[in-house]
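Trainee: Sharing a structure here in structure tokens format.
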Amino acid sequence: MAYVPAPGYQPTYNPTLPYYQPIPGGLNVGMSVYIQGVASEHMKRFFVNFVVGQDPGSDVAFHFNPRFDGWDKVVFNTLQGGKWGSEERKRSMPFKKGAAFELVFIVLAEHYKVVVNGNPFYEYGHRLPLQMVTHLQVDGDLQLQSINFIGGQPLRPQGPPMMPPYPGPGHCHQQLNSLPTMEGPPTFNPPVPYFGRLQGGLTARRTIIIKGYVPPTGKSFAINFKVGSSGDIALHINPRMGNGTVVRNSLLNGSWGSEEKKITHNPFGPGQFFDLSIRCGLDRFKVYANGQHLFDFAHRLSAFQRVDTLEIQGDVTLSYVQI
């Protein structure tokens, strides 16, 4: 079952190293680049480059380079005309060998803001115009789980969604009316419990994106699609880390229905990051985790358009939610 990203959300899952790919739509103010991965047990260094062009020796607008060398530090620099500029350094290491991490670059008008595992880490002022950046390069002692470009495609509030310029591997462009859509603005690092209002209700083809982290001691958390006026829950997703299950159910007229538990894989391990895409179809929800189909859940609330609230609570840290 092919995963087709919603416009404005361009993920690549399990990319191989070295990674060197164009940035969909180019770099723009307000764009975020999410990199989820695992640092090697024997990590010495890795780097992320925001590159001007695809040719060898191209300028590097921003070079981000963690180094485990006895003086654990992160180095920041710019390569222009074949020459490195003056280094900026931070003698602090936010990455742990063998541990999962989430690295976010937020592109702002004056600088790149770097966030690691939800914590602001550094701000690097632009030395080259950000509009010149065309490619992202990643390599070194790490394993990549996902790279997501978020906010690079302008979304139109009315009319059909825009065509994503770079379909993922094995994906072809879909008809406009079959593409998933995202309606609301993204929320970064929201607190838990989280309550989000689905403006206009839950419509067919609407996609909800949830990126988060399961703490090592986490026991369970829940994602609920609710009808605010009645308290009905059209879809209850409940990962339970203790027994490795992902329970789905509905609460209608005050009564829980029958649980569904079958999954092909479980992305909600303790100490793991996850990337969840929940799509509302005409007859079911389709749920993908880290780019792989996780489960379908047939609508039990036939008037699913009445769902107007997204609720997330429990043992989870959220890094990004878009409804």
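Even glycines carry a Cβ here, placed using N, Cα and C.
On a predicted model such as this, the values are computed, not experimentally measured, just so you know.
Marked as beta-D-galactoside binding site by Swiss-Prot: Trp256, Gly257, Ser258, Glu259, Glu260, Lys261, Lys262. Annotation source Swiss-Prot lists domain 'Galectin 1' at 19-150, citing sequence analysis. Positions annotated as domain 'Galectin 2' by Swiss-Prot: 194-323. Sequence annotations record features per position, and here Swiss-Prot assigns phosphoserine to Ser258.
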Trainee: Among Glu259, Glu260, all listed as binding-site residues, which has the most CB atoms within 10 Å of its CB?
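Mentor: Most Cβ neighbours within 10 Å: Glu260.
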Trainee: Could you tell me the mean pLDDT over the domain 'Galectin 1' (19-150), as a whole number?
Mentor: 95
Trainee: How many neighbouring Cβ atoms, not counting its own, are there within 10 Å of the Cβ of Lys262 (beta-D-galactoside binding site)?
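Mentor: Excluding its own Cβ, Lys262 (beta-D-galactoside binding site) sees 8 Cβ atoms within 10 Å.
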Trainee: Fewest other C-beta atoms within 10 angstroms of its own C-beta: which of the binding-site residues Trp256, Gly257, Ser258, Lys261 fits that?
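Mentor: Selected from the binding-site residues Trp256, Gly257, Ser258, Lys261 on minimum Cβ neighbours within 10 Å: Ser258.
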